[in-house]
Amino acid sequence: MSRRVVRQSKFRHVFGQAAKADQSYEDIRVSKVTWDSSFCAVNPKFLAIIVEAGGGGAFIVLPLAKTGRVDKNYPLVTGHTAPVLDIDWCPHNDNVIASASDDTTVMVWQIPDYTPMRNITEPIITLEGHSKRVGILCWHPTARNVLLSAGGDNVIIIWNVGTGEVLLSLDDMHPDVIHSVCWNSNGSLLATTCKDKTLRIIDPRKGQVVAERARPHEGARPLRAVFTADGKLLSTGFSRMSERQLALWDPNNFEEPVALQEMDTSNGVLLPFYDPDSSIVYLCGKGDSSIRYFEITDEPPFVHYLNTFSSKEPQRGMGFMPKRGLEVNKCEIARFYKLHERKCEPIIMTVPRKSDLFQDDLYPDTPGPEPALEADEWLSGQDAEPVLISLRDGYIPPKHRELRVTKRNILDVRPPSGPRRSQSASDAPLSQQHTLETLLEEIKALREQVQAQEQRITALENMLCELVDGTD
């Protein structure tokens, strides 16, 4: 009698669990803009969420530890004159975030480690080059200060944020609106999906399409695509009968998918979040109340369904924590930040293990915060894999001030007061000057707090004197 053999995998029993209520972020007015981006970005230090704001676009940045109810007067990052559509943290500086807006601009912001007293309104730099709304942002995985933006003008622009210059502009490759853009692991290629139902692989420095596949999914709804660790592509889309699909493609043979998984019938676009360390892809649909996850392997059927995390509330968006921000002593292999209408709830994916020791097989070396290349080196044709770090002793994010001293580029410079202007590398003062400015700013903020406390003490002393006079 034949016996069924169960596939061996250390991720077969991965389970999801919502964090306790006191670990959520309450009273956040999540944006209601109709746009298929995640509306949330997270790194080991901060959580950023696009929020509703009158008179322009804004997002809120919270330290990860600031859980619970968020004060309605908590400072926002404001500066755009129209709704913010996408935000993305820099992988090489945990205090730098980029935002894209309906106002056609991209802004790059430096977030202080201390809680600001008022709204942050001045970006480090404003990148102006698109003629229509900018809806997609994606930092280069290995080159310092290289940022990609894609707009409603069907143009992809690759910027050197350190100088404010356009490195590359890809303006004749997409005949219609771009739905998604993704770098491969070393940043040498791009995968894009477009309203014309074509999946393209682009070499941005040569300015040419390396491979393309028309209608990888037959349905009319938008496609998404991400690179896997070994250079294959994962795409999500819809069948002709509106069934949601996940497909695995080999770019060397685009005729047929390596594997195709059909799921349910729903309108929500599936956002794929791929973890190259575990080779697991998590699918989160806007308006869904579940997260499906699959393991990608080298053996048939290549895409293996693992499980589904389900909850009661639908998700408005989703943030995905980089591997270096996870708690390795709890065997946590992924953490999501699920946006509800008025709150953000962490969801933790865990491999059940009894041992508290570091699990080497779950945590291979992972990309760290150091870039492997400078922007000019990448533009000249060099490629480099990400600089890896070990998580054996956990990851401690570096202090903001330390980063300022060692990084000598425009990201570490506060913009001068006065009207916003385009900046170049020659405008950047020395790191020492910047440290002095930051210290002065902190001292000023502390003085304002002390002054408020002194006024409060004086008022209390006056009340005490009045009480004493009354008893006499």
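Heads up, the Cβ atoms here are built off N, Cα and C, so glycines get one too.
Predicted automatically and left uncurated, TrEMBL annotations should be read as such.
Because the structure is a prediction, the values reported are computed rather than measured.
Per TrEMBL, the feature domain 'DUF1899' maps to 4-68. Per TrEMBL, the feature repeat 'WD' maps to 77-119, 127-169, 171-212. Sequence annotations record features per position, and here TrEMBL assigns region 'Disordered' to 408-433. If you look up TrEMBL, you'll see 420-433 marked as compositional bias 'Polar residues'. The feature coiled coil is assigned by TrEMBL to 436-463.
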Using a Cβ cut-off of under 8 Å, list the residues of the same chain at least 6 residues beyond the repeat 'WD' (171-212) that approach it. 36, 136, 138, 140-143, 146, 148, 150-156, 158, 222-227, 229, 231, 233, 235, 249, 251-252, 254, 276, 378-379, 381, 383-386
For the domain 'DUF1899' (4-68), report the average pLDDT of the model, please. 91
Run through the repeat 'WD' (127-169) and tell me, per DSSP, how many residues are helix, strand and coil. 0 helix, 25 strand, 18 coil
So, by DSSP, how many helix, strand and coil residues make up the repeat 'WD' (77-119)? 0 helix, 22 strand, 21 coil
